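Here is what TrEMBL records for this protein:
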type	residues	note
COMPBIAS	214-232	compositional bias 'Low complexity'
COMPBIAS	246-260	compositional bias 'Polar residues'
REGION	214-260	region 'Disordered'
TRANSMEM	6-27	transmembrane segment
TRANSMEM	39-59	transmembrane segment
TRANSMEM	71-92	transmembrane segment
TRANSMEM	99-122	transmembrane segment
TRANSMEM	128-148	transmembrane segment
TRANSMEM	160-182	transmembrane segment
TRANSMEM	188-209	transmembrane segment
């Protein structure tokens with residue numbers, strides 16, 4: 001049983017790392033253009049908070065036998081922090097201050113959870129408090145693709161929902177869900193079970209609408225390639241596109257009618 005738990009923990013680490021590294025495409029573009037364009041920095045800040053809380057929850061003095069939870073989420077927090085700093089450097093002044101303010105709030109929330117759990121709570125109460133905090137933000141993070149899923153259903157096209165991102169979201173959620181079940185840990189199993197279910201729905205939608213997407217892709221004009229490329233980059237990040245940009249890109253492409 002222990003070997004199985006470790007196995008699924010290692011698989012969960014590998015698939016989660018893929019998801020954390022997916023936005024590299026977008027940040028390469030941001031650095032080259034020296035502008036954040038219409039990209040949103042909010043998902044990176046919120047993902048960083050989720051990683052910080054989950055990494056804290058996995059520490060031995062909070063939740064024994066969950067060190068694999070800490071390793072990947074600690075790594076994820078560092079990666080997301082780099083994304084946030086790059087975004088702040090190249091963002092317009094107004095967006096820069098907004099993300100910087102949100103970044104400060106996130107650090108304050110994490111510091112509060114950490115300090116309260118260390119100095120005010122002990123044993124089971126500490127695990128419960130940290131587990132609930134991590135669970136809430138994990139569900140929020142996993143729920144971010146809901147907007148892109150609704151777009152797929154509305155447009156009958158999977159152009160903005162990459163297959164491999166959906167696949168690895170499913171594999172990541174499933175691996176950690178089984179890890180949580182084997183370790184009898186609801187704070188790991190519940191949010192990742194939710195993520196596994198959403199990942200499965202994305203795959204189902206992909207196989208339902210993939211043929212329709214091929215037909216619509218063939219009708220896209222060359223003049224719209226730069227706009228659709230920006231949106232495609234954003235779709236690699238589990239819903240970071242600003243709604244008005246997605247609509248604009250879809251209108252230009254002529255292949256669609258009309259994520260956070």
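Cβ coordinates come from backbone N, Cα and C, glycine included.
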Lying 6 or more residues past either end of the transmembrane segment (188-209) yet within Cβ distance under 8 Å of it, the residues of that chain are 66, 69, 134-135, 138-139, 142-143, 145-146, 149, 152-153, 156-158, 161, 163, 166-167, 169-177, 179-181
Quick tally over 39-59, 71-92, 128-148, 160-182 of CB pairs under 8 Å to the transmembrane segment (99-122) gives the top stretch as 39-59
Among 39-59, 71-92, 128-148, 160-182, the most Cβ pairs under 8 Å with the transmembrane segment (6-27) come from 160-182
- [ ] Kindly say whether the transmembrane segment (39-59) and the transmembrane segment (128-148) touch, using the definition of 3 or more Cβ pairs under 8 Å where each pair is 6 or more positions apart.
- [x] yes
Same-chain residues at least 6 beyond the ends of the transmembrane segment (128-148) with a Cβ under 8 Å from one of its Cβ atoms are 43, 46-47, 49-50, 53-54, 56-57, 62-63, 113, 116-117, 121, 160-161, 166, 169, 173, 185-187, 190-192, 194-195, 198, 202, 235, 238-239, 243, 259-260
With the cut-off at Cβ under 8 Å and a gap of six or more residues from its ends, the chain residues touching the transmembrane segment (160-182) are 1, 4-5, 8-9, 11-12, 15-16, 18-19, 22, 68-69, 142, 145, 148-149, 151-152, 188-190, 192-200, 202-203, 205-206, 210, 231-232, 235-236, 238, 241, 246, 259
